[in-house]
Amino acid sequence: MSVTVRVPAKVNVQLAVGAARPDGFHDLANVFLAVGLYDEVTVTPADELRITCEGPDAGQVPLDRGNLAARAAIALAERRGIEPAVHLHITKDIPVAGGMAGGSADGAGALLACNTLWGTGASRAELLAICAELGSDVPFSLVGGAALGVGRGELLTSLEVGGTFHWVFAMAGRGLSTPAVFREFDRLAEGCDIPEPVASRELLDALAKGDPDALAAAVSNDLQPAALSLFPELSDTLAAGRAAGALTALVSGSGPTTAFLARDPESATKIADVLRASGTCRTVRTATAPAPGATVLTTSATA
Ligand code: C5P
């Protein structure tokens, strides 16, 4: 018996960041949009917990118990008093350390896959609670679609999306550490008055209408200056995509992946071609949004 779950990447169309809290996290108003780039997690019974990974970036994925997929299996097994004796295989298509919640996707995917394999029957609410323990972005990977995340990003309200958005993503030659980007945010904000993070009404309306021009006018990412400060070359990628006709260009989450909103599929293809030729990034992908959350693809009787 094995179970395969598919989980989407995300882009943050709004990432409003408040001041650092006593626990070191930051309060957020985080508007997540799931995009059609996916990791797959396959779970199979094994003698003991082990992880393997395939895909172009597989070499950068830690295969120890710190991997969010392993932590998810352990967390569910501990709650049920069973051993997490499984082989987790990750087929990785979401960039590693890219600001697109690839690690979180693997955590949510492993959790749903193990819950299915073991027949543990965890409710949606329990799965979401485990996801929130694993990381701020993990609940959204389970839910998908579009959602506003508050608190440290884990308290979700699903959002209406009235159409399909066409995106282009440029993957950078190296990753960025999320904690390092938040630390840089704190450094840049020193001495400034940081307002409470609040979701933008214009942005929520643009999503609900499925209006790419209105969405482009409303996107924002408070982590972008920090990401650009640590990775200044990203400005060249953003400029190349804008010049190719992107309605807007922004850093995805904590970066360094950059995201470009296109008016239609033809424009997305053109922006992708220009970015590929620009020499300012490693790879370029197009994807549509919203995408569904973690989904069981197959349960098979054979390992
Ligand atoms: O929750 P997660 O483990 O994904 O967070 C990774 C790191 O990102 C945290 O350790 C913290 O440094 C930073 N972070 C933050 N505020 C948030 C979410 C993440 O400072 N709301």
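Just so you know, the numbers here start at 1 and follow the chain as drawn.
The backbone N, Cα and C atoms fix where each Cβ goes, and this holds for glycine too.
Residues or ranges marked as active site by TrEMBL: Lys10 (among others). On its own chain, Lys10 (active site) has Phe32, Leu33, Ala34, Val35, Met100, Ala101, Asp137, Phe140, Ser141, Gly253 as residues at least 6 apart in sequence with a Cβ closer than 8 Å to its own Cβ.
Counting every protein chain shown, 29 other Cβ atoms lie within 10 Å of the Cβ of Asp137 (active site). Annotated active site per TrEMBL: Asp137 (among others), in sequence order.
Around the Cβ of Gly103 (ATP binding site), the number of neighbouring Cβ atoms within 10 Å comes to 26. Feature annotation from TrEMBL assigns ATP binding site to Pro95, Val96, Ala97, Gly98, Gly99, Met100, Ala101, Gly102, Gly103, Ser104, Ala105.
Annotated domain 'GHMP kinase N-terminal' per TrEMBL: 67-145, in sequence order. Regional average pLDDT for the domain 'GHMP kinase N-terminal' (67-145) in the model is 97.
Among the features that TrEMBL reports, domain 'GHMP kinase C-terminal' is placed at 204-279.
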Original post:
Of these binding-site residues, Pro95, Gly99, which scores lowest on Cβ atoms within 10 Å?
Top reply: Pro95
Original post:
Can you tell which of the binding-site residues (Ala97, Ala101, Ala105) has the fewest other C-beta atoms within 10 angstroms of its C-beta?
Top reply: Ala97
